[in-house]
Amino acid sequence: MRSKIVAGNWKMNKNLTETEALLTELAAKLPDTQAEVMVAPTYVNLASAVRTLESSVIEVIAQNMHFAESGAYTGEISADMLLSIGVDTAIIGHSERRAYFGETDEILAKKVVTALDKNIRVMFCFGEELEDRKSDNHFNVVESQLKNALFSLEASAWSKIVLAYEPVWAIGTGETASADQAQEMHAFIRKTITEAYDATIANNVSILYGGSVKPGNAGEIFGKPDVDGGLIGGAALVADDFVAIIKAI
Ligand code: 13P
């Protein structure tokens, strides 16, 4: 059985004081839910976030991590550093990392291998750009992103992977994929994993949708059979909105 997950990616938002305030409010308002709830504040506030949420079920996760164990990589953060503060899940492959920081499929494949070696759960993000969808190439793009970064992994690695389909054209734009578009792509992703591995792996991996999920559209998107939750950007920065999205699952 795959888990339902609602995760908030805070991106480069909220200073230390604001982070503590938002987490305290979220912990107080968290509804009863079967879903796993996660938040990804910025690196500098991760350790404090872990402390603030010590007695909450909300999990603190990282927005990124480096593929090297340690060494001369100024500005980067290693798997061991995350583990040492109690963070054992990392987002890898976010489209903003790909677009603004030159993260290629090859780099992402290395990050995934390092994370799994260190027993860090991977929330792997991928998704097509607007031109890909307009030219009807979106299935090919998604298939190659998955293949290049994940399909060399051994079958057993998949128990530590969560997928997040985030069409780039829907991120931060207010334009959401329709629930039917999300379902269509998620079903395609499961079919692709079935072909590369098997149906058990495909059916056990949680596939989240991300891209302008809001309280008003979350219910419809989460209602689709192959959508197991959401990776939420803007709406995760407002406690009441994030709580409403958690309730929708
Ligand atoms: P928005 O919800 O702001 O569109 O961001 C989605 C996202 O990129 C989550 O990782």
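Including glycine, each Cβ sits where the backbone N, Cα and C put it.
Where the annotation comes from TrEMBL, it is an automatic prediction and has not been curated.
Just so you know, the Cβ of Gly172 (substrate binding site) picks up 12 other Cβ atoms within 10 Å once every protein chain is counted. What TrEMBL lists as substrate binding site is Asn9, Trp10, Lys11, Gly172, Ser212, Gly233, Gly234.
Under the DSSP three-state reduction, His94 (active site, electrophile) is assigned to coil, being neither helix nor strand. Marked as active site, electrophile by TrEMBL: His94.
Sequence-distant neighbours of Glu166 (active site, proton acceptor) (same chain, 6+ apart, CB under 8 A from its CB) are His94, Ser95, Cys125, Phe126, Gly127, Tyr209, Gly210, Gly211, Leu231. Taken from TrEMBL, the feature active site, proton acceptor covers Glu166.
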Review point. Of Asn9, Trp10, Lys11, Gly234, listed as binding-site residues, which ones have a Cβ less than 6 Å away from ligand 1?
Key: Asn9, Gly234
Exercise for review: For Gly234 (substrate binding site), just give me the three-state DSSP call.
Suggested key: helix
Study note, to complete from the structure: If you tally other C-beta atoms within 10 angstroms for each of the binding-site residues Asn9, Ser212, the top scorer is Asn9
